[in-house]
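Per TrEMBL, the features are:
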- 110-479: domain 'Ionotropic glutamate receptor C-terminal' (DOMAIN)
- 120-185: domain 'Ionotropic glutamate receptor L-glutamate and glycine-binding' (DOMAIN)
- 194, 196, 201, 368, 416: L-glutamate binding site (BINDING)
- 241-260: transmembrane segment (TRANSMEM)
- 317-339: transmembrane segment (TRANSMEM)
- 346: site 'Crucial to convey clamshell closure to channel opening' (SITE)
- 373: site 'Interaction with the cone snail toxin Con-ikot-ikot' (SITE)
- 428-482: disulfide bond (DISULFID)
- 498-522: transmembrane segment (TRANSMEM)
């Protein structure tokens, strides 16, 4: 200012003929000495407080001058650099002075914080009295914001994002929406919400270090429990194993029969008192071989004992086989008889990708949607093709809508694992299916190049080291919990558990009766045929007697 006044004074001294007359406010006639006076100012030159003062005679701008770059620090003004037309800007600020700029400090500043309603991060506070301003909200992110403000000393105003979205670019125009858009337009200073740190968002806004790590998982309703059936005693082994056991039994019995017939040591003399007898017998007939196999399989044994080394090898291997099978069956039998089994149609993301009966989707324009949209993994790319082809039917606007669809229809919802933990603590009909599909984190969003990002990061690390982040999560995630299922390990078995055994027993008894009747009829028929043959022989002898005119006939003698 001093140099400017001095330049005007010098110009006045050099133009004594210039006179000043009174002016009228309602007239806009130029001063007749104006051009002459401006020329005198442009011609002025001297060394003032701000250095050498000269002007460009064409445009009147100052030339050949130096500028000091001054920064307002907490201790006052401080020179941090210089500028001149020839060399440009030259910053001389030392590292010690960095970060203490008053313009970067958050103390007593009022910041606009953008957020979004999502349990348990941000929720409307329930109260009988009307609430206003920041008092309307509660949740994990509200507590986090309160702790950050306490550490950094800033004030804040919470505003819900206008369009209710997190932030994603439009496929056609590339324009962003949601909280990301508000940060880009500087309508908000911070975004404190479950906002995922992603590569595409990092290109347009800045993030602090994560305050929570998580991943994508599947929310699905719990399957209905199925009680063991009356034939559940067959469940410890699969149908294939039962079939293989039957085939093994038939094969071993046939092999034992053949080897017993082939080996000379299985043949024995039924009359040991007569060593010269030419009659030998073999106990392992085909039926006896099958009976030996059944006895070993049921661990009851039989009166048949192999004598030859070859048949004993077959018997020993069969006994070892039955030992392992029976032990495995017994070990699994209790669990299959007493546990109410929960069978879910899906167990992982691969199961979802392989079918189309169960619909699945994500929150539209969210980070989870962006993950599936940009993924190069074949399974997840296939899932995105399904979701994009049915976009209007499987995409939801928010978490609440997705959870409602899971409860009311055959629908699987892909969402953040931490939110799933919160939901299943409060709804016992829901469960998490499979593990984590990816790994991600939530961070505090700031506009690109904002000086607040590093300060937020330091404050978040402080909260993490003090354990406050964990305590806040325990506070908001802890629910009433679902009642634990009663243990059925010591419960009494009912008809629905082992009723099939009685059916098998009854079927076996009925079968034995029919077999006994069949044996009786078969033997009766044989006896009748034998007696008929004997009567024929008697009639023949009687005819012979009559022809020979005998007086005595011994039927038993002639039959012999």
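Every residue, even glycine, has its Cβ placed from backbone N, Cα and C.
Known features from TrEMBL, placed on the structure.
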residue : record                                                        : DSSP (3 states)
194     : L-glutamate binding site                                      : coil
201     : L-glutamate binding site                                      : helix
346     : site 'Crucial to convey clamshell closure to channel opening' : coil
368     : L-glutamate binding site                                      : helix
373     : site 'Interaction with the cone snail toxin Con-ikot-ikot'    : helix
416     : L-glutamate binding site                                      : strand
428     : disulfide bond                                                : coil
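Within 10 Å of the Cβ of residue 368 (L-glutamate binding site) there are 21 other Cβ atoms, across all protein chains. Across the residues of the domain 'Ionotropic glutamate receptor C-terminal' (110-479), the predicted structure has a mean pLDDT of 87.
Within 8 A of the CB centroid of the L-glutamate site residues 194, 196, 201, 368, 416, the other residues of that chain are 166, 195, 198, 366, 367, 440, 442. Ranking the recorded positions 346, 373, 428 by Cα distance from residue 201 (L-glutamate binding site) puts 373 first. There are 24 other Cβ atoms within 10 Å of the Cβ belonging to residue 194 (L-glutamate binding site).
The recorded positions examined here are 201, 373; by Cβ neighbour count within 10 Å, the least packed of them is 373. Take 194, 196, 201, 368, 416, the residues named in the record as contacts for L-glutamate: the widest Cα to Cα gap among them comes to 17 Å. Of all Cβ atoms in the protein chains displayed, 22 besides its own lie within 10 Å of the Cβ of residue 196 (L-glutamate binding site). Taking Cα separation as the measure, residue 416 (L-glutamate binding site) is nearest to 373 of the recorded positions 346, 373, 428. Of all the recorded positions in the record (194, 196, 346), the one with the smallest CA separation from residue 373 (site 'Interaction with the cone snail toxin Con-ikot-ikot') is 196.
Residue 346 (site 'Crucial to convey clamshell closure to channel opening') and residue 428 (disulfide bond) have their C-alpha atoms 18 Å apart, to the nearest angstrom. The residues of the domain 'Ionotropic glutamate receptor L-glutamate and glycine-binding' (120-185), classed with DSSP into helix (H, G, I), strand (E, B) and coil, number 24 helix, 13 strand, 29 coil.
Geometry remark: residue 428 (disulfide bond) versus residue 194 (L-glutamate binding site), CA distance 24 Å.
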